[in-house]
Amino acid sequence: MLVATTKKELVDALRHLTSIGLVPTMGALHQGHASLVKAAREENDTVVASIFVNPLQFQDLGDCDDYRNYPRQLDQDVELLNEAGVDIVFAPSVEEMYPGGLPLVWARTGSIGSKLEGESRPGHFDGVATVVAKLFNLVRPDRAYFGQKDAQQVAVIRRLVADLDFPVEIRPVPIIRGADGLAESSRNQRLSSIDREHALVLPEVLHDLDHRAKSGEPLRIEDARARLANSEGVTLDHLEIVDPATLEPLGVDGVLKTPALVVAAIFVGPVRLIDNIELHPHI
Ligand code: AMP
């Protein structure tokens, strides 16, 4: 396995390769990332994983605690990726990625990037789309793998690819959860054991909505919001029911008639956690 830290090393290594799968990450890898690598390994001759904590997608462009406190563990991550069968790890420094400081030209994600997560984290998806566009240009993957855990990110990247004509196929990968139901996340490392217990209300509420949709019961979204808002140790950021492709609010509260996506974000202690579930109507 090659670990490239400069763009030149990366581009040179990829020059004559065919069928490339790209797995973009910010490191602090867990089973969720491993399942992306597994999917990429099954469908491509060459698998490239990137590890880069992108300052552009953090509020204040990296000048914030979430960016500074983001777990960084490159050696451990490289070992995990090697074992998972990755061919090339791209782990550039911020200087390498953005020589001369912040870019002047960005990808702008408009309305799809400014709702939901984008409302709580202004500019986040412009930062994501910009770094992903750069990775697509450097790696030129045939396929790129993104977790359904970040459902809005998948929708934004699909629009990036469609709107800017990137010749890459976007492959979404299902959410991987721990045994207790909490979606795997690098930020879970920052939860104490009591925080983690408090956080479990999030998958429980989503699971309950899934159950209601499947059994044809009214969803009662307001009750779900109240359960999160009143839960010990938890602050509700948002819980919304939206169209899975456009992320437009569906405004359903009764019995579900069409497929839908429920997206939610909560704060537990210092950590902001997101989760989502696709709902399918009772048949
Ligand atoms: P991150 O390192 O958090 O930027 O995540 C890198 C990629 O892994 C993104 O496409 C995420 O959606 C995906 N990912 C993170 N957590 C999970 C999970 N629990 N299940 C599936 N994919 C995930």
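Every residue, even glycine, has its Cβ placed from backbone N, Cα and C.
What TrEMBL annotates here:
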type     : residues                        : note
BINDING  : 26-33, 147-150, Ile176, 184-187 : ATP binding site
ACT_SITE : His33                           : active site, proton donor
BINDING  : Gln57, Gln153                   : (R)-pantoate binding site
BINDING  : Gln57                           : beta-alanine binding site
Among Met26, Leu29, Ile176, the binding-site residues in question, whose Cβ has the most other Cβ atoms within 10 Å in this structure?
Leu29
Applying a 10 Å Cβ distance cut-off over all chains shown, what neighbour count does Gln148 (ATP binding site) have?
18
For each of the recorded positions (His33, Gln57, Gln153, Ser186), count the other CB atoms lying within 10 A of its CB, then report the residue with the highest count.
His33
Filtered recorded positions, from Met26, Leu29, Gly32, His33, Ile176, Ser186, whose Cβ is under 6 Å from an atom of ligand 1:
Met26, Gly32, His33, Ile176, Ser186
What Cα-Cα separation, expressed in whole Å, is found between the residue listed as 'active site, proton donor' and Gln148 (ATP binding site)?
11
In whole Å, how far does the CA atom of Gln57 ((R)-pantoate binding site) lie from that of Leu29 (ATP binding site)?
18
